[in-house]
Amino acid sequence: MNEITISGPEAQPTTLAKKVPSKYLLLAVWAAGIGGTFQYGYNISIINAPTKAVQNFINQTWTERYSTEISSDMLTLLWSIIVSIFTIGGLVGASVGGTLAIRFGRKGTLLFNNTFALLAALFMGLSYPASTFELLVIGRFLTGVNAGIAICVQPLYIGEIAPRALRGAMAMGTSIFITGGILTGQVMGLKELLGKDEYWPILLSTICIPAVLQLLTLPWFPESPRYLLIDRGDDIACQKALMWFHGQDKYHGEMEDIERERVSALGIKPKKPWELFTDRSIRWQLLTLVVIHTSQQLNGINAIYFYADYVFTQAGIPDDKIPYATVGTGACECITALTCGLLIESLGRRALIIGGYTLMSVCCICFTIALTFQDSSPWVPYLSMVCVLAFILSFGLGPGGVTNILTTELFTQTDRPAAYMIGGSINWTSFFVIGMIFPFIVNGLKQYCFLVFLVICLLVATYIFFVVPETKNKTFLEIQNEFKSRKKIINANGTEGPLLSTPM
């Protein structure tokens, strides 16, 4: 392989580079994230503020068409479709994201994905002047497709451009942009900004802004070096990309890691999702993928947000001030994601995700007790508030931050896109199912629903403790070999034992 020299970023001091990513890497993460998972978080939160205004618009449009007011059941159904169609779009996006990432590249897919966001902004912005609420349904579906592709492809891009020693910290950009999107949507929905009834078409159309920002910035950055070398076989372009991201005197180690992975993948084509299920060599990685993505939606975080307004009201916060308290929870989650990014390379993935689920289990117990005795003492509602914030902090430090990183690290280049398609599909399906059945769970179990989430959190923490090795500062091939070594650990009964050889 020939060495090449290009004009690019200057080398940083070696000791500093080991601790802090270069500014070019950070800018690449920002360019990928602003039109990527930021859109996911933003679209989740901005739909809450204009609820009443959009329902009034639907009622007005229905009356103009049919000369009669819409029934409350039909209004509820239409609003539910507008909200939930986002998850259907997300499932579609996640199902095709990996295929697009292989065909067009990670960067190319992210750029193409902005088409869905721009079309969605156009449809939702035109819905009011056109008196056509169906455009809202189409727009929300397209935002879901955009989010589904983004949450599949952005972690691929970031995980593959990051140096091994900083892979966890940089991959936290996915969670940081999700929480940043949620917080930004909550702020934009305040009455002082675009939360007034007459501004709702503008509010829903603002999703075009992150898309435009990404279209202006991401083209300046290279494609994923791993994709260029392993999938495209273009070693010159790979070297140029590595030099750009890491500097001309520090890219050799990353090049050697990628070259080793390419040699191991010679003659192997990128796998389809169904092919992963028939590959016994990665069954533990695949099982782990299913467990962590299913539990991310079923661990109780949705229940916490459902109860948040009730808890704030019981604590004496006026109704018109509750949106500001909700912004506080969004800021709390965003700060936690940033904190996780600072801790993940020192504490490791296992410590954070096991600790996160363990703390969430404790919060489930405390929150159940606090809700049960909510009216017994004036200080109990404040205990409930503490439980809400503690649960959100625990989620952000653990599963909220580490899940996507593990998806990147547990699989090699030929398996990774299919793994993200499977994980994304599970995540969006669980998101949809929990949205459908959650009201029935709450109505049936009341505050005791958190005991169900307690069991889920404990089971997931136990599974990760016994099965998942530490992946910090290891190559993708080393992680794969650790899972393969599990077959050799046989207990006295002849069954497979835990991966106890890997420290936390």
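Quick reminder: no glycine exception, Cβ is built from N, Cα and C everywhere.
Note: TrEMBL annotation is automatic and uncurated.
According to TrEMBL, the domain 'Major facilitator superfamily (MFS) profile' annotation covers 29-472.
Among the features that TrEMBL reports, transmembrane segment is placed at 24-42 (among others).
Annotation comment: TrEMBL describes 77-98 (among others) as transmembrane segment.
Among the features that TrEMBL reports, transmembrane segment is placed at 110-131 (among others). Distant neighbours of the transmembrane segment (110-131): 32, 35-36, 39, 57, 61, 64, 93, 100, 104, 138-143, 145-146, 149-150, 153-154, 157, 200-202, 204-208, 210-212, 214-215, 218-219; these residues of the same chain sit at least 6 beyond its ends, with a Cβ under 8 Å from one of its Cβ atoms.
Per TrEMBL, the feature transmembrane segment maps to 137-157 (among others).
Residues 21, 25, 29-30, 32-34, 36-46, 48, 151, 154-155, 158-159, 161-162, 193, 323, 326-327, 330-331, 333-334, 336-338, 340-342, 344-345, 396, 400-401, 404-405, 408 of the same chain sit 6 or more residues outside the transmembrane segment (169-187) yet have a Cβ under 8 Å from a Cβ within it. Summarising the annotation, TrEMBL assigns transmembrane segment to 169-187 (among others).
The annotation transmembrane segment is assigned in TrEMBL to 199-221 (among others).
TrEMBL lists 351-373 (among others) with the feature transmembrane segment.
Residues or ranges marked as transmembrane segment by TrEMBL: 379-406 (among others). Residues 151, 155, 159, 167-168, 171-172, 174-175, 179, 288, 292-293, 295-296, 299-301, 304, 307-308, 311-312, 314-316, 329, 332-333, 336-337, 339-341, 343-344, 349, 352-357, 359-360, 363-364, 366-367, 370-371, 373, 460, 468, 471 of the same chain, all 6+ positions outside the transmembrane segment (379-406), place their C-beta atoms under 8 angstroms from a C-beta of that stretch.
Annotation source TrEMBL lists transmembrane segment at 418-442 (among others). Listed by sequence, the residues of this chain that lie at least six past the ends of the transmembrane segment (418-442) yet keep a Cβ under 8 A from its Cβ atoms are 84, 87-88, 90-91, 93-99, 101, 148, 151-153, 155-156, 270-273, 275-276, 285-286, 289-290, 292-294, 296-298, 302-303, 306, 407, 410-411, 449, 452.
Sequence annotations record features per position, and here TrEMBL assigns transmembrane segment to 448-468 (among others). Within its own chain, the transmembrane segment (448-468) is flanked in space by residues 284, 287-288, 291-292, 295, 298-300, 303, 349-350, 353-354, 357-358, 360-361, 364-365, 367-368, 371, 399, 406, 441-442, 486, 498-500, which lie at least six positions past its ends and keep a Cβ under 8 Å from the stretch.
Restricting the average to the domain 'Major facilitator superfamily (MFS) profile' (29-472) gives a pLDDT of 88. Tertiary proximity for the transmembrane segment (199-221) is limited to same-chain residues at least six positions away from its ends with a CB under 8 Å from its CB atoms, namely 24, 27-28, 30-32, 34-36, 38-39, 42-43, 46-47, 49-50, 53-54, 57, 107, 110-111, 114, 117-118, 120-122, 124-125, 127-129, 136, 139, 143, 146, 188-189, 244. Long-range neighbours of the transmembrane segment (24-42) within the same chain, counting only residues 6 or more positions beyond its ends whose Cβ lies under 8 Å from a Cβ of the stretch, are 9, 90, 107, 110, 113-114, 117, 143, 146-147, 150-151, 153-155, 157-158, 161-163, 166, 170, 173-185, 207, 210-211, 213-215, 217-218, 220-221, 244-246. Within the chain carrying the transmembrane segment (77-98), a Cβ under 8 angstroms from the stretch's Cβ atoms is held by residues 40, 43-44, 47, 51, 54-55, 58, 70, 109, 116, 133, 136-137, 140-153, 273, 417-421, 423-425, 427-429, 431-432, 435-436, all 6 or more beyond its ends.
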